[in-house]
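Worksheet: one structure, shown below.
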Amino acid sequence: MSNQHILLMSNLLPVGSNISTWWNFGSMLLTCLAMQTLTGFFLAIHYTANINLAFSSVIHITRDVPYGWTMQNLHAIGASMFFICIYIHIARGIYYGSYLNKEVWLSGITLLITLMATAFFGYVLPWGQMSFWAATVITNLLTAIPYLGTTLTTWLWGGFSINDPTLTRFFALHFILPFIIISLTSIHIILLHNEGSSNPPGTNSDIDKIPFHPYHSYKDMLMVTTMITLLFLILSFSPDLLNDPENFSKANPMITPQHIKPEWYFLFAYGILRSIPNKLGGTLALLMSIAILMTTPFTHTSYTRSMTFRPLTQILFWTLVATFITLTWTATKPVESPFIIISQMTSIFYFFFFIMNPILGWTENKIMMMND
């Protein structure tokens, strides 16, 4: 440990020489976090957390504030970039067995939950139609809690419906949570450098380590530059690509949109929620879709850490990726046939991965022992 700290102080953080591009998403997430905090701060200067003024204040930012449209679009597209990076980051963790570093994995899942809460609160702030109705639907899930549900919902809303107090507290939460994310990120990175990164074969890197700078820092810069280029391409040519058309109308509690849905990065969880025709069951499945990630370090049965040399588990992993994409797609569709059955089947497949992963690990161990 002491040697690692000396190397760290000498700007020579030792990192395995064979980590691939999939390990670059951590630095990309850090870039997203810095950008979201900065653009969010500039937006907060001009934003007004009042149900009568919120929508107008966002229009004022995009029309009248110098470069306000840039800040607003960067913040909106940046959120999508953040989630693309975090989902790839988690997928890499599952594929290469990074979750066996338990402290790092569990702090990472805590970060994901905090990030999802932050994004949800942020989505409500423009006070557009979809903002309002998505907030109504999601916060209403609290009523599914036996005995305490209604009291908790009223407490969260600050009244008997979503109103001015709700928007004010959501803005306060959206402002404070990024600083909690920054703190958790620091803990996540400190815990990571306690043991160091894993690598594609899942072996010990101690025999072959190189300084982080200049080797991996330049490699990180390439991917960060690619991400920023993509961000500015979307900003310049199609800034509303990821926005919901309903959000261009001011929130109206009297008119319900035809199809209420959250932002695209929550659709996989929303698809799982919708596929269960029971409020409490759906809410539990929604929570479990994220919480189940915490089980992976404790259900690992394979002798090898990574999936690199485990073809059976690889098939299972890519099924999970296909399931995630299919769930996202079906959640954009109305609740009718055949989308109901597709959602239900893919929801089963999603949880099936976490049940089958330890079983397949054990099976592969048996196959390896037979070959010996």
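Glycine is treated like the rest: Cβ placed from N, Cα and C.
According to Swiss-Prot, the features are:
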- H75, H174: heme b b562 binding site (BINDING)
- H89, H188: heme b b566 binding site (BINDING)
- H193: ubiquinone binding site (BINDING)
- 25-45: transmembrane segment (TRANSMEM)
- 69-90: transmembrane segment (TRANSMEM)
- 105-125: transmembrane segment (TRANSMEM)
- 170-190: transmembrane segment (TRANSMEM)
- 218-238: transmembrane segment (TRANSMEM)
- 280-300: transmembrane segment (TRANSMEM)
- 312-332: transmembrane segment (TRANSMEM)
- 339-358: transmembrane segment (TRANSMEM)
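Taking the Cβ of H188 (heme b b566 binding site) as centre and 10 Å as the limit, one finds 20 other Cβ atoms among all the protein chains shown.
By the count of Cβ pairs under 8 Å, the stretch nearest in packing to the transmembrane segment (218-238) among 69-90, 105-125, 170-190, 280-300 is 69-90. Annotation for H89 (heme b b566 binding site): spatial neighbours F25, G26, L29, G108, criterion Cβ-Cβ under 8 Å with sequence separation of six or more.
In this structure, the binding-site residues under consideration are H75, H174, H193, and the one with the smallest number of other Cβ atoms within 10 Å of its Cβ is H193. For the transmembrane segment (170-190), the partner stretch with the most Cβ pairs below 8 Å, chosen from 69-90, 105-125, 280-300, 312-332, 339-358, is 105-125. For the pair formed by H193 (ubiquinone binding site) and H174 (heme b b562 binding site), distance between Cα atoms is given as 29 Å, rounded to the nearest Å.
DSSP assigns H188 (heme b b566 binding site) to a helix in the three-state reduction. Among residues of the same chain six or more beyond the transmembrane segment (25-45), those with a C-beta under 8 A of the stretch's C-beta atoms are 61, 71-72, 74-75, 78-79, 81-82, 85-86, 88-89, 92, 122, 174-175, 178, 181-182, 185, 220, 223-224, 227-228. Only sequence-distant pairs (6 or more apart) were considered; of these, fewer than three Cβ pairs between the transmembrane segment (339-358) and the transmembrane segment (69-90) are under 8 A, so the stretches are not in contact.
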